[in-house]
Amino acid sequence: MEVGGDTAAPAPGGAEDLEDTQFPSEEAREGGGVHAVPPDPEDVGLEETGSKDKDQPPSPSPPPPSEALSSTSRLWSPAAPENSPTRSPETSSGGQGGDPSDEEWRNQRKHVFVLSEAGKPIYSRYGSVEALSATMGVMTALVSFVQSAGDAIRAIYAEDHKLVFLQQGPLLLVAMSRTSQSAAQLRGELLAVHAQIVSTLTRASVARIFAHKQNYDLRRLLAGSERTLDRLLDSMEQDPGALLLGAVRCVPLARPLRDALGALLRRCTAPGLALSVLAVGGRLITAAQERNVLAECRLDPADLQLLLDWVGAPAFAAGEAWAPVCLPRFNPDGFFYAYVARLDAMPVCLLLLGTQREAFHAMAACRRLVEDGMHALGAMRALGEAASFSNASSASAPAYSVQAVGAPGLRHFLYKPLDIPDHHRQLPQFTSPELEAPYSREEERQRLSDLYHRLHARLHSTSRPLRLIYHVAEKETLLAWVTSKFELYTCLSPLVTKAGAILVVTKLLRWVKKEEDRLFIRYPPKYSTPPATSTDQAAHNGLFTGL
Amino acid sequence: MAQAHRTPQPRTAPSQPRVFKLVLLGSGSVGKSSLALRYVKNDFKSILPTVGCAFFTKVVDVGAASLKLEIWDTAGQEKYHSICHLYFRGANAALLVYDITRKDSFLKAQQWLKDLEEELHPGEVLVMLVGNKTDLSQEREVTFQEGKEFADSQKLLFMETSAKLNHQVSEVFNTMAQELLQRDDREGQAPRGDAAVALNEGPARQAKCCAH
């Protein structure tokens with residue numbers, strides 16, 4: 001039971017601590033390293049929670065009432081004004097006569113706004129920010145009204161809308177959603193949006209700018225980043241795994257090749273190099289970290305995901321790029337310098353992250369070593385083959401079909417292992433197959449994403465976390481399950497029986513166990529850069545201990 | 001040095017072309033990356049704003065000689081200006097790009113010229129003013145004449161291009177290449193010094209470049 005509580009992804013701990021809503025909280029998790037996976041004693045739990053659960057969930061659209069209520073009351077317990085604010089957002093979102101009176105704008109499922117403390121609009125997912133200044137003014141008014149009572153507004157629940165507020169330094173982020181996402185999940189998305197902004201500007205410089213000039217128009221500095229934010233929000237909606245699970249997705253790859261690539265990255269160093277990442281289509285092939293730079297502060301999966309999204313951007317499609325980037329979880333106030341290049345004509349992308357501002361040419365030399373090494377390994381061909389598995393929709397991102405599992409009735413799943421070797425905890429990962437047949441259209445994907453969100457919210461509910469949910473939805477059946485060894489979400493055909501579902505899940509777990517060396521990076525490589533001569537030594541040592 | 005540089009040039013040219021550094025400057029979304037992409041890869045796609053700087057190389061044949069252009073495509077966005085200034089240093093040539101449908105980008109190009117002159121000695125860098133997006137000439141805000149006059153007043157080269165329609169793009173770069181070679185052959189100290197610097201850091205990289 002305590003596992004359910006600890007795993008609480010976007011919603012850890014009590015309702016009070018607003019700032020530290022860090023999604024991954026692996027530190028809290030102990031006692032990994034166990035093997036036997038297939039579901040043994042939990043079968044009982046399955047029956048139990050399953051049936052108990054079935055009473056409640058088949059209520060598709062409105063949020064689970066009990067949870068919504070309890071969290072509302074918890075959220076609002078410190079601050080009294082429960083009713084008055086619930087009024088005003090309705091008028092602000094619905095009945096206002098400004099430019100966003102546009103029907104289409106109002107029909108969007110989810111809005112995300114970023115504004116400055118002074119109420120200056122910075123970003124809106126839909127519509128033009130200029131047209132929204134009135135709306136944003138109302139938001140600022142709300143926030144400062146609650147603030148004046150020495151409190152902070154966190155969320156407003158109004159009929160089918162949820163409004164979530166997140167204050168980060170001089171920035172205010174607001175999500176307004178009609179989706180089934182919980183407030184904690186929406187807050188997680190807002191944190192990701194904030195992280196994206198920090199990654200281009202750093203928290204310190206945002207603070208400095210507004211300290212200097214309160215009504216500064218941050219859009220000037222964020223010019224060009226709006227589309228990155230759009231992309232981020234789209235991907236969170238369509239492919240929610242990374243954010244929900246606080247983990248990155250790996251390219252399935254034979255372990256010897258992955259280990260060889262890891263060793264290669266470890267060999268190819270440059271002064272000040274802190275992190276090397278090989279990725280394709282936003283998915284991780286392998287990453288190597290410098291021992292000292294990132295020794296104490298392990299690389300946060302949210303930072304790594306941010307980098308993966310970033311290098312996947314079309315802006316990096318040509319040439320070799322050199323740009324400053326901040327890793328908000330690692331150090332929100334400092335820049336790294338990133339070298340990004342596509343290798344060969346492949347969509348394979350190499351990211352070299354270093355601390356030296358003028359190291360472009362050293363990094364470029366390092367890339368050539370990596371490229372040569374990859375040719376020597378024949379890695380390009382192997383990666384090309386891996387890429388050819390994927391269906392056309394996901395442009396050359398290596399992936400696998402759910403058919404590979406060999407469990408009929410299984411349509412899709414998200415699996416995050418928790419029983420991993422100790423040092424592996426540094427790199428939380430998950431795996432999931434391509435979205436296929438019934439989920440090829442956007443609405444379908446959205447529906448599945450909503451269902452995953454709903455299950456996730458219930459597993460990680462702060463008030464009443466669950467370990468197992470069997471949910472019969474209109475067009476599919478889902479089973480979500482968290483144990484000390486894994487967190488799993490499965491989507492099954494609607495005709496599956498409960499016994500059938502258990503069978504499918506058992507099969508899936510066996511398959512994952514069998515394939516885990518291919519699906520996950522078991523031993524993330526590390527290297528040492530500073531002493532140039534001893535680098536090789538250290539690298540080899542690392543290699544051998546790694547193996 | 002000058003001798004060694006000039007006389008064996010025809011022989012060494014194919015294997016060791018002289019290296020020149022060219023930077024693309026201008027405000028956001030005037031088409032700097034598109035020009036570079038069109039020239040280097042003969043490709044055009046609507047790309048997101050450049051992040052930081054992008055680096056391309058291209059070997060250009062000018063008559064019997066050949067030279068290697070190192071093209072630094074900089075981000076127009078303000079937030080990246082600090083990092084891009086790094087790459088002004090040692091530049092042999094600059095393309096100041098503006099969008100002919102946006103007057104502000106033309107004014108900004110003039111500002112860039114000032115910045116450039118602050119960082120480098122005038123005359124040291126070969127500068128061309130480029131008015132891009134002639135495919136949108138019906139929305140033109142800066143006339144050819146205006147561009148030309150400003151360029152003449154500052155002794156800059158001038159051309160109008162369309163990266164989208166591949167109009168005059170390679171001409172821009174080839175003109176620059178030709179001018180750079182001529183200057184390098186003709187002139188005394190300043191440009192040769194630059195070329196030498198570029199070559200000093202060049203060989204190591206080039207050697208590996210050939211290996212792959």
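Each Cβ is built from the backbone N, Cα and C atoms, and glycine gets one as well.
Whatever TrEMBL says is automated annotation, not expert-curated.
According to TrEMBL, the compositional bias 'Low complexity' annotation covers A:1-15. Annotated compositional bias 'Pro residues' per TrEMBL: A:57-66, in sequence order. Annotated compositional bias 'Polar residues' per TrEMBL: A:83-93, in sequence order. Residues or ranges marked as domain 'FUZ/MON1/HPS1 first Longin' by TrEMBL: A:110-232. Here TrEMBL flags A:276-368 as domain 'FUZ/MON1/HPS1 second Longin'. Annotation comment: TrEMBL describes A:409-516 as domain 'FUZ/MON1/HPS1 third Longin'. If you look up TrEMBL, you'll see A:1-104 marked as region 'Disordered'.
Helix first, then strand, then coil: DSSP counts for the domain 'FUZ/MON1/HPS1 first Longin' (A:110-232) stand at 59 helix, 30 strand, 34 coil. For the domain 'FUZ/MON1/HPS1 third Longin' (A:409-516), residue counts in helix, strand and coil come to 45 helix, 29 strand, 34 coil, using DSSP. Here the domain 'FUZ/MON1/HPS1 second Longin' (A:276-368) is broken down by DSSP into helix, strand and coil counts: 23 helix, 33 strand, 37 coil.
For the domain 'FUZ/MON1/HPS1 first Longin' (A:110-232), the predicted model reports an average pLDDT of 90.
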